[in-house]
Every structure is written in C-alpha cells, then in structure tokens.
Amino acid sequence: MVKVYAPASSANMSVGFDVLGAAVTPVDGTLLGDVVSVEAADHFRLHNLGRFADKLPPEPRENIVYQCWERFCQALGKTIPVAMTLEKNMPIGSGLGSSACSVVAALVAMNEHCGKPLNDTRLLALMGELEGRISGSIHYDNVAPCFLGGMQLMIEENGIISQQVPGFDEWLWVLAYPGIKVSTAEARAILPAQYRRQDCIAHGRHLAGFIHACYSRQPQLAAALMKDVIAEPYRARLLPGFSQARQAVSEIGALASGISGSGPTLFALCDKPETAQRVADWLSKHYLQNQEGFVHICRLDTAGARVVG
C-alpha cells in the first residue's frame, strides 16, 4: 500500500492572482492536508473518511479522486484496479487548496503505486487539468505548491509550469478559516471581465517588486508589496467581517494580510511568534463563524506532497 500526504496551500498571496501560491504546514505539527492511500485490488473501490468526508459528493463518479484515477488510467492507456482511500481532512471551499490536496495526493499515490511512469511535469499538468474541473478553469497556484512545496510562481512557458521562489524563514502564516464555504467558481464569477489600466500597472509593479524582494532578501519590502487590486476589492463582500479583521491584525502587528485563494480563509503574515499568536487569538475570537472554523499558525511547507506510508 502507498499512502501520500498533500499539504494545504494559500494561493494568490494577494500579490499574485492565479500565478503565485505557497504550501503551508502548522508549526505545532498538525497535519493540515489530505491523505490518499492506494493498494492493489481486483476492481476499483473508493472509501472516504476524515473530518470533512460527509461534505464530499455522494455519487462516487463525482468525487475528484475517482476522476484522478480515471484520468491517470487514460494517461497510461490501461485500467489499473486499485482500492483508494481518501482521508478528507480539509474543508471544501475554504481557500486552502482543498481540492488541490485531494488531486495531488491521489495522482502522486497512483504514480508511486505504478512505479512512477509519469514525470513531475506530466503529473503537474494532469493536476492542473483536474483542479480545473472543480474551479472552472485550469490554474496551478494551488496544485504546484501542494505538489512541489514552498512558494511557487507559475511560468507556463518553454515546457516549465512553475518554479520555486525563495521564501523567508522568519515568516509565520496565520490562517483563519471561518467555517463557511465560498465556491471557487462563484468567487471567480464575481470578478470583472476587464480592468482599468492603472490597476494593471499597479498589479504588475506589486508582483515584479515582490519577486525581486524575495530574491534580494528584503522581507519587509516583500510584505509591503503584498497588495491585491485584482480580486480582493470584489471578493471581500463574500467574507463576513473580513475588512474589520484586516484592520485589526494590522494594528496588532501583521506585516500583510489578505484572502487566501478565493476565500473565506484569511491569511496574516507575521515575523515574530508572539505577534502571530496575538493575531491568531484575535481571529479565533472575532473571525470564526462556527464550530467548523479553525486558526493555524504555519510556516512554508518546503517538502510538498510526500509518501507517509
């Protein structure tokens, strides 16, 4: 049997809509991600378990893990009879790359089970394709960091899908999931079809400056450039209490904050553990909406998807 863990990810990071994402892991050792197990069987079977298994589609063929198995078999040109188990530990529609976790874990597990017939680039292309079935368009800003680890910039040129951007060891990512669902497709539909020239210029300046600051090792500058003129002005209305939360975490000392992915998770970036804890405490009291919500203090997950059994 092969068991693969795929970590949560925070896409966009305010500054890089659809082209930037970071894999994250809680500092307390909690596993924030999905696990998929694969073993040989006489015919295909899929079993779901985990905290959020009851939120999955009741029809097995609608489960993204089934679709991953089906697409992987197509890529190999043969049917591979396996029993798969999805441990769904990630809330659906959370802005933490929940579907990417399932897609990445499933495809890596299948590839490991079959002796790695597909290389990383081919696997990543399949991951983007399958993630696109859920979100409505192919994009790699969750699947790439989830699969490869660290902070990833989408390239999509010369056969290169993404490349790693150096992060900062001192950065702590406070992630607050309020417990409500925001559909990725809905969050994309709310965005305008066209943008003003000044917004395009500002977006280009912020993203170019952020990447420069990462490579020139200027964490304060990098954090200051994490501004969103593309999605946040339109998506903030989908998130109860978001504007107040951003103001509060800034006053506490967060370097930057914004919407993780398409929301509703909020991320806040800190460079001191005590600041991160104060931010986490405030968000726990004021941003969470129900018992399904949670707050984690995280660092970059540099390993990405890995075999755990």
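Keep in mind that glycine also has a Cβ here, set from the backbone N, Cα and C atoms.
Per Swiss-Prot, ATP binding site is recorded for PRO91, ILE92, GLY93, SER94, GLY95, LEU96, GLY97, SER98, SER99, ALA100, CYS101.
In the shown protein chains, 30 other C-beta atoms lie within 10 A of the C-beta of CYS101 (ATP binding site). The Cβ of PRO91 (ATP binding site) lies under 8 Å from the Cβ of PHE52, LYS55, SER98, TYR177, GLY179, LYS181, GLU292, each of which sits 6+ residues away along the same chain. Using a 10 Å Cβ-Cβ cutoff, GLY93 (ATP binding site) registers 22 neighbours.
The ATP site is defined by PRO91, ILE92, GLY93, SER94, GLY95, LEU96, GLY97, SER98, SER99, ALA100, CYS101, and by the 8 Å test on Cβ atoms against their centroid, the other residues of the chain that qualify are ALA8, MET90, ASN142, GLY261.
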